[in-house]
Each structure stands twice: as C-alpha cells, then as structure tokens.
Ligand code: SAH
Ligand code: SF4
Ligand code: F3S
C-alpha cells in the first residue's frame, strides 16, 4: 500500500474541532487572539466560548504585573485536571500558552506545568499550525520566539472573521522606551511599524464588511513610522488621513500613545479630521519630576501640561485618559501628592491606576526603597477615588447633549430592544428601542450620565426607522 497525502473522505468529514482562547492583558492581545483564530480556522478549528467543549485551549497571557502572570499558573493547573479527566474517556486536550508570559518565561512554564504542549511568543502566531502538527507527534515541544513581526503579518491570512462595526487593527508593535518599571520592551521586542499599504489594505477589507470604527493599536502607536510605497516613512497623522478617505470608515481611534511622540502634525489632525475621535489615551504614570526621571519617562510634568494645552487648543472637547502607577520605588507622600495635583489640573475623562509591581529583569525591581504594599494600597485608593470622581463628572456633563452614537451590540434588556453604542468620547451609551440601529452612527439625546455609562433616548421617528 502506498501512502497518500490527499485527505481521505473520512478525514474531510471529520467533525469540527473546537478552539477556546482566553485573553489577558492589553488590546494588542485581543487583536492577536482574533488572528490566532483566523490562522487555525483553515485547520478545522471553530471558536467556542465554552472551555469544556474545547479540543484546543490557548491562554493568551500578559506579563505586565505579577498578579497577571501568576494567574496563568493556576489556570494551567485547572486545565491539566480537565485534560486528565478527558484522557480517561479517550478524548484529548491540547494546551498552549501564548502572549507575553510565554515570551518572558517560556522555559519556566514548561518546567512548572508539563501539561503545556505549546509555548508560543507574540511574533510566532503564524507558526501555530505547524506547531500544532508537530505537537501531535511529539508532545511537549517548545518553540523559541524570535522577533520578526514582519513575517507574522505577512503570513497571517488576509481575511479576518471579526464581527460587528468596530475593530482593532495592530499597526505597530514593540517598544524602545525602556521605562524602568516595564516588561514590554522585553516581551514584545523593538519598535516596529507595519507598512502603510498593508495597514490600509486590512482597513479596506474591514470597511468592506461593515466596520465603521477602527482602533489602531500599538504599544507606542503614535511613534508609528510604517514604510510608504515610495520608501519613505509615514507618520500616524498621515495614516489617519489615508484611513479617513476609505468609504465607510467614519471613526478612527488609536492607543496607546507616549507624550514624547505626540507630533504637532498629529495634534493638528485632531482639529482638522472629523473621523479622528475626540478621545486620547495619553499615559503620564506619575506627577513628580523626580519620579518621572526615575521611571525613565524622558519628560517632566510641565512638558505634559503644555502638551495637554496644545491638544485642547486644537480640539477643545477632547477627552483625555491616562495610566498611573503609585508606589514606584522611593515615592514619598509628597511626590504622590504631585500625582494627585497633576490629575486635578488635567481633569481626566477616564484612567487606569495601578500599584507598582516589581517585574523581574527591569531596572526598577532592583531599586532600593521599595514602597510598603500597605502604603501603595492606600495611595491607590485615594487616586482611584479622585479619578472616579472626574470620570463620573465627565459622564454627568453629557446629559442634555446630543451625541453621535455608533451602535455596536444588543443590550442586556432584550425585551426593551435595548442596544449599546459608543459616544465619540468612548463612553458606553445604553438606548432602548434601538436594536434595529446596530452598525449605524445615529445622533442620540443623552438623558443621564452615570459612573461608567450614559443613558440615551431616540426620537419616535428614529425608533420607527
Ligand atoms: N505602552 C503603554 C502602556 C503599556 S502597559 C504606555 O507607555 O503608556 C499599560 C500600563 O500598565 C502602563 O501604562 C502602566 O501604567 C502599567 N504598568 C506597566 N508596568 C507596570 C508595573 N511594573 N507595575 C504596575 N503597573 C505597570
Ligand atoms: Fe512600557 Fe514605557 Fe514602553 Fe509604555 S513606553 S510599553 S510603559 S516601556
Ligand atoms: Fe500585557 Fe504584553 Fe500587553 S505584557 S499589557 S499583554 S504587551
């Protein structure tokens, strides 16, 4: 008998395999998870949201804080139990760890949890099919992930199976900034931008299937410098103008930005380009000049204030969001007060605040005078209280205004035909009798604001439409 490479009729009729992906961390990981599903679809894997139904589980992990990384090991313990029970009944389960924990501590994962079949770093997802095949033969194999994102994007399928009118689009990866607290430069490698044409092509495809809003992603997205067809470098502002010209693509967002890469041209685009949404995530991390220096943020507080002023001059209604770290090594009470003072002066529409978490291999982890956890916790509570107050006030202030809302999903109250959409300022807007408007941008009267969302109302004409 000769061997044949053509699949047998039996194999072709094999039941679909189920893929479960759990995503941790930032939006880059959300995008990557979607892309992993795209890569595995041709192999017969359909995505399930029920882990118990899965034949293949991928944990797409985050290494940014200690808690995030430790969670993975307890999750893996549960998966191992699930796999052992399965094996008794003749079924199997393949377990993969992807993302930044895979990149940072791949060896340790294999050692601590032998049930893991595949460890794959963020730049190697296009190799998943091959890894999966190899795993079937030799369980427990691991691949080293080198940094070559250009291979990754070239090798991923052009077609994306995203749903709904909003989509993420990764345009830049990696980071060269080396803030002293942060693992990203080590887990995601050097800054690298996708060529302009490749981003525009993906955006056109998304628009072609009804996407109205794209969020451009990158660890330092405003440092985007993708190659243009003429060999020169494009800027993020240039990319925004090119995207705005794509029919159907009405809204453009980008995240996350570094203050030092906020070019004049990009600030001007905020005043000029309707499609560029009036919401900017511009983390500052701390309000004290000494701490900013120790963090290697490469700018001081005054430069940040000046920047915010210039952005607000270009686009007066822009909502500013940020990230903060409290309890950085050596932070005094006084220096923490500087952070509160900065927050009061800037007035944020939303922000994330974290207690400093020492990460192995980063310069700050080795600094003397680590702040006591109780002190950091108390500072975190105070900062969050202030940020929540500002966010709530911002939301309350929308009452009475009419905002353009992009409806993107049904709400919880199906009997009231509720739909949920996004305001230009990235607020969730809940509206009754609106489920026929999903996928559309509609002016909505805001009747109330709450801590985390807005309530809107349609005119009777809109309800009937
Ligand atoms: N590239 C983005 C942020 C990436 S990480 C930027 O430069 O703004 C997301 C956020 O996690 C950071 O903004 C920071 O606030 C927080 N973070 C990063 N490392 C941390 C650490 N070691 N401890 C606590 N928070 C951290
Ligand atoms: Fe991390 Fe700083 Fe780079 Fe942001 S800019 S990813 S905080 S090193
Ligand atoms: Fe986490 Fe990696 Fe994103 S460490 S925040 S998943 S880049």
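Cβ from N, Cα, C; glycine included.
Nobody curates TrEMBL annotations by hand; they come from automatic prediction.
Database features (TrEMBL):
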BINDING   26, 62, 100  [4Fe-4S] cluster 1 binding site
BINDING   175, 179, 182  [4Fe-4S] cluster 2 binding site
DOMAIN    17-137  domain 'MTTase N-terminal'
DOMAIN    161-393  domain 'Radical SAM core'
DOMAIN    396-460  domain 'TRAM'
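Mapped onto this structure are the features recorded in TrEMBL.
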residue	record	CB count, 10 Å
26	[4Fe-4S] cluster 1 binding site	18
62	[4Fe-4S] cluster 1 binding site	22
100	[4Fe-4S] cluster 1 binding site	26
175	[4Fe-4S] cluster 2 binding site	23
179	[4Fe-4S] cluster 2 binding site	22
182	[4Fe-4S] cluster 2 binding site	22
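The two recorded residues, residue 62 ([4Fe-4S] cluster 1 binding site) and residue 179 ([4Fe-4S] cluster 2 binding site), show a Cα separation of 17 Å. For the pair residue 100 ([4Fe-4S] cluster 1 binding site) and residue 182 ([4Fe-4S] cluster 2 binding site), the C-alpha distance works out to 12 angstrom.
Taking 175, 179, 182 as the candidate binding-site residues, the subset whose CB lies under 6 angstroms from any atom of ligand 3 is empty.
Counting in whole angstrom, residue 182 ([4Fe-4S] cluster 2 binding site) lies 14 from residue 26 ([4Fe-4S] cluster 1 binding site) by their C-alpha atoms.
With respect to ligand 2, the binding-site residues 26, 179, 182 contribute 179, 182 as residues with a C-beta closer than 6 angstroms to one of its atoms, given in sequence order. For residue 26 ([4Fe-4S] cluster 1 binding site) paired with residue 175 ([4Fe-4S] cluster 2 binding site), the C-alpha to C-alpha distance reads 14 Å. For the domain 'TRAM' (396-460), the predicted model reports an average pLDDT of 95. In the three-state DSSP scheme, residue 100 ([4Fe-4S] cluster 1 binding site) is classed as helix.
According to DSSP, the domain 'MTTase N-terminal' (17-137) comprises 70 helix, 24 strand, 27 coil.
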